[in-house]
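Participant: Structure provided below as structure tokens; questions to follow.
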Amino acid sequence: MCTACEELVDPKQIQLEEIINKHKHQNGPLIPVLQGAQEVYGYLPAHVLKHISKALRIPLARIYGVVTFYAQFRLTPVGRNLINICLGTACHVRGGAKIVETLEKELKISDGGTTEDRRFTLEVVACIGACGLAPVISINNEVHGRLVPESIAGILAKYE
Amino acid sequence: MAENQRILVCAGTGCASSGALPIIDILKEEIKRQGLEETVSVVGTGCQGFCEKGPTLVIEPQHILYTRVTKEDVEEIVSQELIKGERVERLLLIDQTTQKPVSLMSDINFFSKQHRIVLHNCGVIDPQKITDYTERDGYKGIQKALKEMSPEEVMEEVKKSGLRGRGGAGFPTGLKWGFCRQTPSDKKYIICNADEGDPGAFMDRSVLEGDPHSVIEGMLIGAYAIGADEGYVYCRAEYPLAIKHLEIAIKQAEEAGYLGDNILGSSFNFRLNVFAGAGAFVCGEETALMASIEGKRGMPRVRPPFPAVSGLWGKPTNINNVETWSNIPHILRNGAEWYTQFGTEKSKGTKIFALTGKVNNTGLVEVPMGTTLREIIFDIGDGIQGGKKFKAVQIGGPSGGCLPEDMLDLAVDYDTLTQAGAMVGSGGLVIMDETTCMVDIARYFLNFSKKESCGKCTPCREGTTRMYEILDRITKGEGKEEDLDTLENLAYTIKETSLCGLGQFAPSPILATLKYFRHEYEAHIHDHKCPAHNCTALLSYTIDTEKCKMCSLCAKNCPANCISGDKKTNTPYVIDEDKCIKCGTCMDKCKFGAISRA
Ligand SMILES: Cc1cc2nc3c(=O)[nH]c(=O)nc-3n(C[C@H](O)[C@H](O)[C@H](O)COP(=O)(O)O)c2cc1C
Ligand code: SF4
Ligand code: SF4
Ligand code: SF4
Ligand code: FES
Ligand code: FES
């Protein structure tokens, strides 16, 4: 087989194919496939949704309905590091709003935004289950707790 | 030291974030280096329930608790505690009442006043090892069920135990199983609801992370009683560690013959799948959850038909909460009679509460039903942080209510709390002190419900938004005389006409705060004051010229440039109220306490 062509195939495309094949035959494959695809691409680009629609034989409109219903799915790319700021009840009463304020000021973006250098994306969430350490944020699923506004700069510096 | 010791290092989500993971490896190395590996073993456990004081570490068999351990402390713990048997005092918990360090868990109210049934393995075993579970009687419940009991007998046992659903509504579990069992069908499903959407509750996360096999065993027993051969655990995507531990546990259970075909040599078959949610609170509602597994938008539908008749893919389905499932193995192992000794007449057993907010000891607390709020908050929780005054406790999340000081002696069970205008719900207890504004809390919850409303029915979709807008106006000092009546009217209408629990209970935080803290609403509306000094728009900052030393620090730091004064000309420092954005910087900066907030 000609090896030159193989390099032309997008490795992400191969991973997507694998995800689709893994779930295709199970009941209700759509959400696991979308989750897998988002893991590969970082978000759900239009061409990926079209491809999933064909592969799973689910109308694109229905897929779009599902994607926009769930908070987890993103239609736009995220920065290299995803910051989830918790504003669940425990974090709210322990000053979560001050943490949001500090992060927004520090990064000059607001909820849902991405910095110009694509280093950070900011998302406000309700509870990541580390309420005992409120207020908390998580960056790329790494939890940072017992925060005060002063600790933010140091934490951000750890993420490139 | 001759005695064998086990060191339990918490590796749950909370402690991992406080730096627990490197401690485990360093500890193992240090133990080897100091020649103790024959007698001392190190176990990475799930959540020990005391996350705020994490990373926590427990030394068995004495049950010595170390808190806020860092990797730099490891050497000292080994040479002082393990070799010499002397405490490392600076790492011990300080009792807030006596201000003295305490080392034994039996002397710490947070632990000694709990009664851990569901949490009995959490923080004690390595959740990634099935043998740790079986050594502590794990899978004995399903063995007993399969070998000695018919499905009907299992169901009777659960009915007799009086167990009620821990997911919120408190529906009797045995009764629910019976409905599903009675429906004739070639295929039935059972589901574990691990969507844990209530912001401020994390017991389901901890059980799945710290003792996943107990949930699997509970589901096995349920499946046997109901006649189901397939199950799902619907876990929210925000809990990656819980999903990981559950997947490991399922694999081990399959290998050990507890899952699959002909379980333990019987004719009983059961397969278990994990489904990761995609971030929608409403998917905790059972019909929405099933729509989500089917790959649809997670919108609730009208019941009947109830899931027991037509559930997942139209098949009879039984759904229970994580904590409910996790109670089952204990009931089977020890018998219903044993179980009924805990709790009150109509609420049996224990309940796990997530104690958070302005309380000294935050964490997971498992107590018999019927324990009073005062015991939970002041004995186990050790009172309010920073010596402040207790104001309210919020119970049951966005569907629950806030209760004031004079309700603290209420015994916590399903019926008492509902009567008082709150609910057990998931078991989130958020403690609020004098600095928490109750109008703001109502606004907070309505904002949550408004965002999470799926939009299917109008009262909930439009109503939560309208109620939020009114509350938002009130916190900004723009409240109107008629607002409270409008809120009450809206609340009752929405309660009665919404399709699912989200809408039906969304007004609860408003109704409860109006009932117990009406004066705070009135202060906002009539006097334009926030008694808790929390609502920014209603604050005013003033400089006390008597105390002011004219250092100019406040003026230099004011982002709005609205403080003026001059030492040279002896012009007193004053704040221009019209320009002030109430950021509070000046008050934080003043070293002489000359600036006050009202
Ligand atoms: C909006 C909404 C959210 C819910 N969220 C959860 C949840 O996160 N976890 C849960 O176990 N039950 C939740 N429930 C309750 C479930 O619908 C269901 O009653 C419960 O899982 C039944 O289990 P149980 O009988 O063991 O309590 C929710 C209900 C509603 C209306
Ligand atoms: S009450 Fe709210 S969440 Fe429930 S179905 Fe209606 S709109 Fe959706
Ligand atoms: S509260 Fe903020 S804006 Fe107002 S006077 Fe003080 S520093 Fe300036
Ligand atoms: S910081 Fe305090 S002491 Fe200094 S000028 Fe301002 S009010 Fe006066
Ligand atoms: S409320 Fe913030 S982690 Fe739970
Ligand atoms: S995660 Fe360690 S005590 Fe909860």
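Keep in mind that glycine also has a Cβ here, set from the backbone N, Cα and C atoms.
Computed from a predicted structure; not experimentally measured.
According to TrEMBL, the [2Fe-2S] cluster binding site annotation covers A:C86, A:C91, A:C127, A:C131.
Give me the local environment of each listed feature.
Facilitator: Neighbour count (other Cβ atoms within 10 Å of the Cβ, all protein chains): 29 for A:C127 ([2Fe-2S] cluster binding site).
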Participant: If you count other CB atoms within 10 A of each CB, which of A:C86, A:C91, A:C131 wins among these binding-site residues?
Facilitator: A:C131
Participant: DSSP secondary structure for A:C91 ([2Fe-2S] cluster binding site), reduced to helix/strand/coil, please.
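Facilitator: Reduced to three states, the DSSP call for A:C91 ([2Fe-2S] cluster binding site) is helix.
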